[in-house]
Every structure is written in structure tokens, then in C-alpha cells.
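A.B. asks: Below is the structure I would like to discuss, written out as C-alpha cells.
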Amino acid sequence: MLNKPVLAESLIVFVIVLFVHAVVWDRYSWCTIALAVQAFYVQFKWDRLLQLGGAVFQFRTAANSGLLPASMVIPLLGIVMKERCKSAGIVYFERFGIVVASTGMLVALFLSVIAVGITKPVPTNTCILTGVAGSIIIYTMKHSLTVSEVIEVLEVLLIFVYLSMILLYLLPRCFTPGEALLVLGGISFVLNQLIKRSLNVIEGRGDPIDFFLLVAVVGVVLLGLFFTVLFIFMDSGTWISSMFFHMMTAVLGLGVIMPWLYRLIQRNPLFWLLQFLFQTQTRVYLLVYWTFLAASACGVVFYQNAKRSSESKKHQASTITRKYFHFIVVATYVPGLIYDRQLLYVAAVLCLAVFIFLEYIRYFRIKPFGQTLRHLLCLFLDERDSGPLILTHIYLLLGMSLPVWLFPRSCAPKGTLSGAGALVPYAGVLAVGVGDTIASVFGSTMGEIKWPGTKKTFEGTMTAIFAQIIAVALILIFDSSVNLNSSYGWILASVSLVSLLEAYTTQIDNLLLPLYLQIMFMA
């Protein structure tokens, strides 16, 4: 049987699904509900496989499979995006939302079929549920998608299958099945979009910052795959291997990634980036301010490591110490959201590329900084970093950035959505920067009443909800573009449900919570 936290997590996800479809009800609602029901039952099978060690790959062991909450994210995101763009009359992005929803459903269904297929004995009832859900989804797709859209969905599924086989083998214990669905599904969709747009380049069409995101994500992933395969045959810790790493990075960057980006934006990428970053005086001030915050974050890392060196016993960073970085990230993102969201968009992409590149240096022990990074970052490890990669800081950046990157700018008149949708870019700040941080700090210091079956406390959750409401009030004061149109009840319900999900989920909350809050705000 599923334990109480998993049952509570599933109940919260079902409530969110019903809330969204109470506002947005169409033919895809039946598909989403059918997918949610079968994902709930398949969770039994995945959790049992993880406990018995019967899964095909090695997944993160300190958490449940997380299949239900992960399965709902991409379909719900596509559905609410479709509705927003439909109301704005933007047909292209309305169809794009349908493709996103269909892709998310098919990828989640594929992961469910894998679990059912490798479970012995074959679970008859779960097979029937999966078959019914699959039939509903395929029937709806048949009557909703054009031939080209069906091909696009199948392309993403094919990329997801191959990426899963490669990355889950190379990176054991880094993901749960649900986290793999979100991360690898997202990468698969980005790669397919980049290939599609590269083959259909029309001069002057498309925003350069969107192309910059696609090329950066695909570039760093391909770079990692290349060096992972290469260092199977070489010792990555030698000076010769390190020099080869830096040389090949320069070759791939200047010889592949830069020309690829040039083809998409029809101008020199480096000149475009420099012109973009220093276009206005406000951007210069923001860059100087962000540089100071980055130096402060590095100072915290060095100080904590110096503190560890001076103590005789083993020192590990406390929860409160790790939350310092959450405060720094909030201080980074809020001015960008208020004064220049496009600059924040590009800066977040650059920061993600730098974070992943530094993780490659640490993981492969590339000289001269690889061993130093290993020593500095091991202080901040927690139970979620059980694999060879350290991903929590990357997940924090993604959680804050995804609402900015996924904000449907083309479907937002005057750059903002109406009602609770105006808070979509702030979803990461509210869910992770404020809610998760306050819940962790107050829960660990003053919490006494624990939620059943978890270490999270009632006091921490209630304080998190209260803090997010205060944060929304401050956003209304300082950001004149936000107009909630009396949607305060929906905002309170959204914040409360996501805070309850934070209390019960064992998945990476930095990644999951902002996406659910964004979905609720966009609905």
C-alpha cells in the first residue's frame, strides 16, 4: 500500500487538477483526469519496483517515484497555455499549447507502460486502467491534432526514449522516475523545437532570446554527452585530458553552437549579446548589482568551508545556511522582474549554462578547478544529491527561471496577463524563494506539530502561506504592471495548495512547486 505522505501528495495533486479543470474544461480535461487516475495506480508499481530494486535503471532511493505529480505538470501547462492564447486570439500558440499538452500526456503514459511492463506478475487491473487512459488520449489526439502535429509529438517521444536510456544509465541515482519525466521530457521538447526551427528559419521571425535559450540548453547537454562518452576511454583527471576538455569546449562552442545560433538570429551572437546586455543604463545597474550578489554567494561558500576547516569534527551546512542562497536568489530575481524581464531571461540562461559547465568540471575532475569545486560543494550536499551529480543548485535556478522562460509573452497584451496570471513570472520567487525558504526556516526552528508521516511541520506550512501573501502584497506595491482584478481568493487557494504539496512531496520541490504555482496562476 502507499504510505500516508504519498496518499496526501496524490490527493493534493488531484485537487489541483480538479481546480484547473473547473476553470478550463474541454475535451483534454477527460484525458488529464484519466491520466491522473492511471498514474496514481501505476505509482504503486513504480514504488514497489524501487523498493525491491527491480527497476531497469538506478533511481534516487530517498524518495517515492513521484509519477503522479510529474505526469500532470506538462499536460496542465499546455492546457492553461492553450486557453490563455485562445482568449488572446493567437492561433499559432494555441496550437502550440495543444502540442505541449499532448506530448506531456504521451510521454507520461509511456513511462507508466514501462512500469507495468516490467512488474511481475503482470498487474491486470492497472493494465486495464492504463489501456483505458491510453485509448482516451489517443482518440482525443486523433481528433485534435494535424498530421504534422502528430509527427512532432512522436518525435519528442522518440527523443525522450533515447535520452532516457542514455542519461539514466550514465547518471545512476540522480533522478526519481517523476523527476526524470520532467527533466528529460523538457530537454526532449527543447531539442525537438530547436531542430524544427533550425530547419524552418525565416529571417526576422522569432525572438532572439527564445533561440538563445534553446541553443544554450541543447548545447550544454550535447557537450556533457560528448565528454561523458569520451572519458569512458580516458582518465579525465589528468592535465592532458583537462587541456583537451577546454580545447574541445572552445571548438564545440565556437564551431558548432555559435554558428547554430547565428543561423537562427541572423546576426553575430557575441555582438548581439553584448549589445543586448549593455543596451540601457538600467541593465548596467542590474548587472553590477547581480555581480555583487554573485560575489556574496561565493563568500558564503568560502566562509562555510573555512568554518568547516577550523572545526575538529565533521561540519555540514545546516538547513538555514543553505537557505541563504534562496534569499540571495530572491534578491536577484525581484529587481529583474520589476525593471527588465528580458534581461533577467537572458541572464538566467547564461547562469544555467555556467552552472552546468562548472558541474562538468567538478564531475570530471577537470584541472585546475575540478578538485577544488568538489571540496567546496560537498559541504552543501543533502539526501537529494545521492548520485554522481550535484543538482540542487541547478534545480534552484531552474525553479526560479522556468516561470520567466515559460511565460507566454506573445499571448499577453502589454506584456502581462490579467488577474492571477499577472503573478506568473513571480511563481518561482513565491513558491521557492519565499514559501519553501520560510517553511524550512520556521519549521526547523519553531515547528512542533508535524504533518502525519513527514518531517515537515504545520507551523512551517502556515508561515509559508502567510509569507507568500505578504510577498504578493509587496509585489502589488512595487510592480505597477501587476493588476490582480480581485482574484485574491484564487491566489490564496493556489498558494495554500502548493504549500501543502511542499509539505508532503519527496520530489525536488525547487523544480516541482514553481511549475504547479504557475499552472494555478495561469488557469
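All positions are counted from 1 along the displayed chain.
Heads up, the Cβ atoms here are built off N, Cα and C, so glycines get one too.
TrEMBL: automatically predicted annotations, no manual curation.
TrEMBL feature annotations, pasted as is:
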- 61-80: transmembrane segment (TRANSMEM)
- 92-116: transmembrane segment (TRANSMEM)
- 122-141: transmembrane segment (TRANSMEM)
- 153-171: transmembrane segment (TRANSMEM)
- 211-232: transmembrane segment (TRANSMEM)
- 244-262: transmembrane segment (TRANSMEM)
- 282-303: transmembrane segment (TRANSMEM)
- 324-339: transmembrane segment (TRANSMEM)
- 345-365: transmembrane segment (TRANSMEM)
- 426-446: transmembrane segment (TRANSMEM)
- 458-478: transmembrane segment (TRANSMEM)
- 490-517: transmembrane segment (TRANSMEM)
A.B. asks: Tell me whether the transmembrane segment (426-446) sits in contact with the transmembrane segment (324-339), defined here as at least 3 Cβ pairs under 8 Å among residues 6 or more apart in sequence.
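C.D. replies: Since 3 or more Cβ pairs under 8 Å link them, the transmembrane segment (426-446) and the transmembrane segment (324-339) do come into contact.
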A.B. asks: Looking at the stretches 61-80, 211-232, 282-303, 324-339, 345-365, which one shares the most CB pairs under 8 Å with the transmembrane segment (490-517)?
C.D. replies: 61-80
A.B. asks: Hey, which of 61-80, 211-232, 282-303, 324-339 has the most Cβ-Cβ pairs under 8 Å against the transmembrane segment (345-365)?
C.D. replies: 211-232
A.B. asks: Who are the long-range neighbours of the transmembrane segment (282-303) in its own chain, taking Cβ under 8 Å and residues 6 or more past its ends?
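C.D. replies: Result: 321, 324-325, 328, 331-332, 335-336, 339-340, 343, 347, 376-377, 379-380.
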